[in-house]
Amino acid sequence: MAKRQDTKKFFENLSGAGKSIGVLTSGGDAQGMNAAVRAVVRMGIYVGAKVYFVHEGYQGMVDGGDNIEEASWESVSSMLQVGGTVIGSARCKEFRSHEGRLKAAHHLVQRDITNLCVIGGDGSLTGANLFREEWSGLLEELVQQGLIDEEAAQNNSELHIVGMVGSIDNDFCGTDMTIGTDSALHRIIEVVDAIMTTAQSHQRTFVLEVMGRHCGYLALVSALACGADWVLIPEMPPEDGWEEQMCQKLSESRSRGSRLNIIIVAEGAIDRQGKAITVNNVKDLVVSCLGFDTRVTILGHVQRGGTPSAFDRILASRMGVEAVLALLEASASTPACVVSLCGNQAVRLPLMECVQMVHLHCYVSLTFCRSFENNLNTYKLLSYRKADSELPNSSFNVAVLNVGAPAAGMNAAVRSAVRVGITEGHKMFAVNDGFEGFYKGQIKEIKWGDVGGWTGQGGSILGTKRTLPAKHLDKIAEQIRIHNINALLVIGGFEAFLGVMELSAAREKYNEFCVPMVMVPATVSNNIPGSDLSIGADTALNAITDTCDRIKQSASGTKRRVFIIETMGGYCGYLASVGGLAAGADAVYIYEEPFDIRDLQSNVEHLTEKMKTGIQRGLVLRNENSNENFTTDFIYQLYSEEGKGVFDCRKNVLGHMQQGGAPSPFDRNFGTKIAAKAIQWISRKLKDSYKEGKVFANTEDTACLLGMRRRAMVFQPVVQLKDQTDFIHRIPKEQWWLKLRPLMKILAKYKTSYDVSDSGQLEHVTRVRPKKVD
């Protein structure tokens, strides 16, 4: 442990004094760009650098003048929740010419800007790299033309470039998600959910066109998130004869009782001959072959608009801070880099390696990208129901149940589990009301069609209770015997974790529990050991962020007002901390980071100073169990008393609205993929443990939790997770998101320490995606 402490590196050692940073957005706009600009400006000013807005992208750099404007801390206030890009974006032909780049260099040198943060797509980043390569030659020309002197050329001799990818298409190599993709998925799913209600009423088929000229990510992931009947993407031209297969599938869906069909088409979809497949082609095909009432909806620029999602705000804020760190550490020998996301880790990649991969059409052949391939394979598993004669006959019975509090995305996970289980040849059983329903015998077989339309439903359709199995082991064992249950999938929160531990511990006494069992984490609190993320947490974060946006708007209208907001999470501060980062909170109180009356006083003084600036509002989040004495009421009364004459206070307890609502696209997809993987694991374990006509599994590795660790999905025996768990407070002993808290404080203008030990490692594109972990 001591050795690890010695290797820690803190950003306080990095100074921006005497440096000037230019930030621009270029190419197509994407939600979250403003959050990235805000983070660059505030982090830059925080470390002592000057930061300049370059308005209208490269056009502003070429035109100079008022287009290059010094930014202040207050100038990026209220930016976080705004879609698009406040500093403007434009496509600039002039910058593509040598003369245009010469003008741009002149305008930058006039302000001593030698550090550029470019937020855009591959074209924008390629342009930035070319500009850097030509920089010394451009300075020589400016000296020869008498536009700058030798001293200015010497002082500005190196240009450093850091890129962040802003693109709703998620079409850039080297990063899991680009800024704007998650928000675009939100827009698509909002539209699809709305269309499904009208389609249901009139028994209609809807054909939707989504963006993606070369990359079908949006089409594929939205099809997975809404359970679409058919999807057409440029990466995977359909086999010859697809028209007949599609119509047959739509017809079978109707014959099983479905009242609607949804087909999603990426704008760049093509067939095997390279001929475009348009939404109107598909509509005409359905009408002529099946006679279904069919309508077309083209989403267009709706997908680029609207408020950025919580995920995009957090992603962009982290990338912006990392970009400034990269610029501070850059040297003449450092290649231009792109700040990317790999799992929960911000990484830096050589810019041109990423661009070259894109130009080699690596993303068009996305079967090379495991994330895309997983999405595609999962979609195929869930969408194409094989005939009974084609299914393997496993003769195994698998039970699925929800345990604990409801979480958005649970139903998507159950649907996925049921359909993958049937595809694997198992007979699937649904248990109502968790372990309580289990011991009462509320168990029935569930079929393919029974889970249709479940993906977008909030809450838990199966029903869920917090009851633990320990007191009812006899009755649960009896029900397992009666229904001949051979494996268990438990989807839920901390009670589900405890339940699987209790069942596995009871194996010595009950042979009935000697079956493969796996737990999938689903709780808004995100407090399960062994997994960085839980189903439902993203939806809850978006609910918190949306509410905070409205509250901030009301506060800005009345001026000099501070809101104290209480979030859920038990003793886990995930929702409060990450929600605070996404909403731009001034302070966040959590159990994991103890605080006292001096901290509260310091926060009040900080807000008092803030009210003297142009930003006359405050937002403070408190996790519900952060401190038994400093309650939400106490903090509200303290702030009200201490802020008298400077600001007034209001309080808000968000409560169960954080558990409700339709699941976010992330939670739908996460639930779908993690449950599919859990069932495939169950199938393997059943095969391994089937001996002499029965299933017998009593080893540690047959009672597991399936969690997301960094980038990999990992099966971990629940027994081994005991040491990683604080059972009294129902939280993991180590939590990755605590590293984000200093970042939130920096962006709220607090002096703090920020561990950047993980930063600064320039990786390579081939190393970005870790190997599969089972």
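Keep in mind that glycine also has a Cβ here, set from the backbone N, Cα and C atoms.
Any TrEMBL annotation is an automated prediction that lacks curation.
As annotated by TrEMBL, region 'N-terminal catalytic PFK domain 1' applies to 1-384. In the predicted model, the region 'N-terminal catalytic PFK domain 1' (1-384) has a mean pLDDT of 89.
Summarising the annotation, TrEMBL assigns domain 'Phosphofructokinase' to 21-326 (among others).
Listed in sequence order, the residues of the same chain lying 6 or more apart from ARG91 (ATP binding site) and placing their CB within less than 8 Å of its CB are GLY27, GLY57, GLN59. Under the heading ATP binding site, TrEMBL lists GLY28, ARG91, CYS92, GLY121, ASP122, GLY123, SER124.
As annotated by TrEMBL, Mg(2+) binding site applies to ASP122. Counting every protein chain shown, the number of other Cβ atoms lying within 10 Å of the Cβ of ASP122 (ATP binding site) is 23.
The Cβ of ARG295 (substrate binding site) has 15 neighbouring Cβ atoms from other residues within 10 Å, across all protein chains displayed. Look at TrEMBL and you will find SER167, ILE168, ASP169, ARG204, MET211, GLY212, ARG213, GLU267, ARG295, HIS301, VAL302, GLN303, ARG304 tagged as substrate binding site.
The Cβ neighbour count for ASP169 (substrate binding site), using a 10 Å radius and every protein chain shown, is 25. Annotation source TrEMBL lists active site, proton acceptor at ASP169.
Among the features that TrEMBL reports, region 'C-terminal regulatory PFK domain 2' is placed at 397-774.
The domain 'Phosphofructokinase' annotation in TrEMBL covers 397-682 (among others).
Of all the Cβ atoms in the protein chains shown, 17 others lie within 10 Å of the Cβ of ARG466 (beta-D-fructose 2,6-bisphosphate binding site). Sequence annotations record features per position, and here TrEMBL assigns beta-D-fructose 2,6-bisphosphate binding site to ARG466, 523-527, ARG561, 568-570, GLU624, ARG650, 656-659, ARG730.
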Cβ-based isolation winner (fewest other Cβ atoms within 10 Å) among the binding-site residues SER124, SER525, GLN659: GLN659
ATP site shell beyond GLY28, ARG91, CYS92, GLY121, ASP122, GLY123, SER124, criterion: Cβ within 8 Å of Cβ centroid: SER26, GLY27, GLY57, GLY120, GLY127
Between SER167 (substrate binding site) and GLY121 (ATP binding site): CA-CA distance (Å): 6
Least surrounded among the binding-site residues, given as CYS92, VAL302, when other CB atoms within 10 Å are counted: VAL302
Cα-to-Cα gap, ARG304 (substrate binding site) vs CYS92 (ATP binding site), nearest whole Å: 20
Cβ-Cβ neighbours of GLY28 (ATP binding site) (radius 10 Å): 21
GLY121 (ATP binding site): tally of other CB atoms within 10 A of its CB: 22
Distance, CYS92 (ATP binding site) to ARG466 (beta-D-fructose 2,6-bisphosphate binding site) (CA atoms, angstrom): 59
